[in-house]
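Scroll down for the structure; my scribbles are underneath it.
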Amino acid sequence: MKNTFNTSNVFANAYSFWGYVIGFILSTSNRLYIGWFGILMFPLLVLATVAYIAAFIFAPPVDIDGIREPVAGALLYGNNIISGAVIPSSNAIGVHFYPVWEALGFDEWLYNGGTYQFVVLHFILGAGAYMGREWEFAFRLGMRPWIFVAFSAPLVAASAVFIVYPIGQGSFSDGMPLGISGTFNFMLVFQAEHNILMHPFHILGVAAVFGGSLFSAMHGSLVTSSLVAETAGDLSLNVGYNFGQEDETYSISAAHGYFGRLIFQYASFNNSRSLHFFLAAWPVIGIWFTALGVSTMAFNLNGLNFNQSIIDSSGHLINSWADIVNRADLGMEVMHERNAHNFPLDLA
């Protein structure tokens with residue numbers, strides 16, 4: 001019997017199969033774009049989410065300070081949604097990479113807070129892949145790349161508190177806990193140890209967040225209030241709007257005229273591109289600065305301080321808000337890790 005096996009057909013089928021797979025991955029017609037970055041993003045974020053939910057519910061107490069006094073963060077150990085958290089890795093681990101195979105067993109890995117590193121590292125890498133996917137999808141559609149630049153702001157902010165700060169402080173136990181009250185605890189301790197409220201870059205971040213909220217509300221309300229009416233007065237404005245139409249749906253000149261007279265002329269934009277660039281750039285740049293500030297304070301380049309009180313020519317103390325802030329910082333610091341050391345560094 002003649003052998004009819006043909007290797008060229010096998011390679012052709014293989015190429016056609018992989019061509020189909022690659023075409024599906026890179027297709028911009030899918031309901032959910034995948035892309036090369038999506039191959040990384042989807043499994044990483046799924047793993048991070050599943051591990052976070054499981055740890056939040058079931059994880060046993062973690063020896064966060066490395067002094068054999070475990071702290072419980074899971075719901076099954078008496079916490080609620082507010083007090084629960086994924087507790088950071090033990091101070092005994094430091095900044096060592098701590099996958100499960102580095103522990104003697106799974107119980108030891110849980111006791112030392114290995115779940116924190118697992119969730120944080122998978123999440124940061126997954127979020128980075130999401131940012132890359134934003135660029136990739138925009139590239140496929142012929143769009144400009146600024147969407148992924150904007151997303152870099154929350155990504156670098158998360159990286160600052162989850163990665164850079166623990167590295168600078170020498171231990172992942174100093175990272176931000178993955179919970180509501182844990183976040184507040186992190187903020188209070190950060191203020192106590194670094195005086196972040198007096199750091200110029202944090203001030204820029206506050207201006208970015210609150211200013212961005214204000215500008216967003218102003219822009220949305222102005223646009224909604226200056227829609228071009230294409231219908232009779234008894235019909236909704238939406239009836240005269242067709243999705244994808246070339247004509248603008250609102251009058252920027254009317255909005256500009258209104259706001260220019262409400263405040264003053266040059267407080268209002270008359271160019272849509274400049275306006276939307278400003279709306280994107282303001283919060284993004286401010287959050288970049290905050291992330292940079294946290295990253296520098298990670299290495300103890302702290303906010304402005306007033307460690308020496310104000311005194312008059314006779315040597316008498318002149319009470320100021322700086323004294324109150326210092327006392328508040330010391331009070332927060334003595335309550336932080338109160339069993340791990342006898343005195344805070346500022347008092348020792």
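Just so you know, glycine gets a Cβ as well, placed from its N, Cα and C.
On a predicted model such as this, the values are computed, not experimentally measured, just so you know.
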Recorded quinone site member, picked from His202, His219, that accompanies Ser268, Phe269 in Swiss-Prot: His219
Contact set, same chain, for the transmembrane segment (201-222): CB under 8 Å, 6 or more residues outside the stretch: 255, 258-259, 275, 278-279, 282-287, 289-290, 292-293, 296, 303
Recorded stretch, among 33-50, 146-160, 278-292, maximising Cβ pairs under 8 Å relative to the transmembrane segment (122-137): 33-50
Inter-residue C-alpha distance, Tyr130 (pheophytin a binding site) and His194 (site 'Stabilizes free radical intermediate') (nearest angstrom): 32
His194 (site 'Stabilizes free radical intermediate') and His122 (chlorophyll a ChlzD1 binding site), Cα-Cα, nearest whole angstrom: 28
